[in-house]
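A short write-up of the structure that comes next.
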Amino acid sequence: MSGHIPLAGVIGAPVAHSKSPALHGYWLKRYGIAGHYVHLHVEQADLEEVLRAMPKMGFVGANVTIPHKEHVLAIADIVTDRAALIGAANTLIFRADGKLHADNTDGYGFVENLRMNADWDPKAGPAVVLGAGGASRAVIASLLEVGVPEIRLSNRTRTRADALREEFGAKINVVEWVNAGDMMQGAATVVNTTSLGMEGQPELKVPLNLLSSDAVVTDIVYTPLHTAFLKEAARKGCQTVDGLGMLLYQAAPGFERWFGQRPEVDEDTRNFILAS
Ligand code: ATR
């Protein structure tokens, strides 16, 4: 595509709410890169046709969001081990040889957010994961990759948590949702991967009385930035990390692959996205 302005975008349905165009647009401007990143509303029935046509229009890559993250794996020519393990992709690269490459950077974004914003040792003790949906899969895969000794998993619908245990193995112990507070004892890391606490949703109300102040607590929710759950953990003296960083860090590898520049995730980036 040399000589052409590189294009990228986020593919979803609905997609208008996505912050990705603002984020990539910010980085393109910041680094003086001639490129564009757009919202692409695509229905499932059209997904494969659209993906095959995109490179012909100058697209170098794309992010994928709800509801296409799983389905795109069946269309891609090359699926990274990480994306296969998680069962979903969020980052696509249209390679020069015509092959569609699918990767998942959500787990990277999750871990990088904790590494950069807390004094965090994943090996210091068990990790508590609340929720067993799509986001939980990426979080669990990445926690296992960085060597947590144990994952304590709880979900309102227990069968979903049991299924993740079957899939990801013996380091996962499943606890009933009503007893989720019991998992906090001795935990080094606590993660909310449910949608509870998000604007318009009920609060996450898992008791934190057994939680040590040594634990690092994070939430994948970032609207609001400081969820009631994180505020409660902060009152207990824990380090808390909001979910915005996960969004920013998961975007960085794609930007680098498509536009040839590793973007910085810093206070200016955060503030721009918060204001957009
Ligand atoms: P995502 O891909 O964002 O993880 P998801 O797959 O729909 O979305 O998962 C949403 C998560 O939030 C699930 O763990 C879900 O629990 P269930 O599997 O029981 O549905 C959890 N969740 C959503 N609303 C909830 C509620 N009111 N109480 C408890 N958990 C809830």
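Each residue, glycine too, has its Cβ placed from N, Cα and C.
Features as listed in TrEMBL:
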| type | residues | note |
| --- | --- | --- |
| DOMAIN | 10-92 | domain 'Shikimate dehydrogenase substrate binding N-terminal' |
| BINDING | Ser18, Lys19, Ser20, Thr65, Asn90, Asp106, Tyr222, Gln250 | shikimate binding site |
| ACT_SITE | Lys69 | active site, proton acceptor |
| BINDING | Asp81, Gly131, Ala132, Gly133, Gly134, Ala135, Asn155, Arg156, Thr157, Arg158, Thr159, Arg160, Ile220, Gly243 | NADP(+) binding site |
| DOMAIN | 127-194 | domain 'Quinate/shikimate 5-dehydrogenase/glutamyl-tRNA reductase' |
| DOMAIN | 243-266 | domain 'SDH C-terminal' |
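Annotated features taken from TrEMBL, shown on the structure.
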{"residue": "Lys19", "record": "shikimate binding site", "DSSP class": "coil"}
{"residue": "Thr65", "record": "shikimate binding site", "DSSP class": "coil"}
{"residue": "Asp81", "record": "NADP(+) binding site", "DSSP class": "helix"}
{"residue": "Ala132", "record": "NADP(+) binding site", "DSSP class": "coil"}
{"residue": "Asn155", "record": "NADP(+) binding site", "DSSP class": "coil"}
{"residue": "Ile220", "record": "NADP(+) binding site", "DSSP class": "coil"}
{"residue": "Gln250", "record": "shikimate binding site", "DSSP class": "helix"}
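Listed in sequence order, the recorded positions among Ser20, Lys69, Asp81, Asn155 whose CB lies under 6 angstroms from an atom of ligand 1 come out as Asn155. Mapped onto DSSP classes, the domain 'Shikimate dehydrogenase substrate binding N-terminal' (10-92) shows 35 helix, 19 strand, 29 coil. When the alpha carbons of Thr65 (shikimate binding site) and Ala132 (NADP(+) binding site) are compared, the span between them is 18 angstrom. The average pLDDT the prediction assigns to the domain 'SDH C-terminal' (243-266) is 98. Of all the binding-site residues listed here (Asp81, Gly134, Asn155, Ile220), Ile220 has the Cα closest to the Cα of Lys19 (shikimate binding site).
Cβ environment of Gly134 (NADP(+) binding site): Lys69, Glu70, Ala88 lie under 8 Å away, each six or more residues apart in the same chain. Non-local neighbourhood of Asn90 (shikimate binding site): Asn63, Val64, Thr65, Lys69, Asp103, Asn104, Thr105, Asp106, Gln250, each in the same chain, at least six residues away, with C-beta under 8 Å from its C-beta. Between the CA atoms of Thr157 (NADP(+) binding site) and Ser20 (shikimate binding site) there is a gap of 31 Å, rounded to the nearest whole number. Cβ neighbour count for Ala132 (NADP(+) binding site) (all protein chains, 10 Å cutoff from its Cβ): 26.
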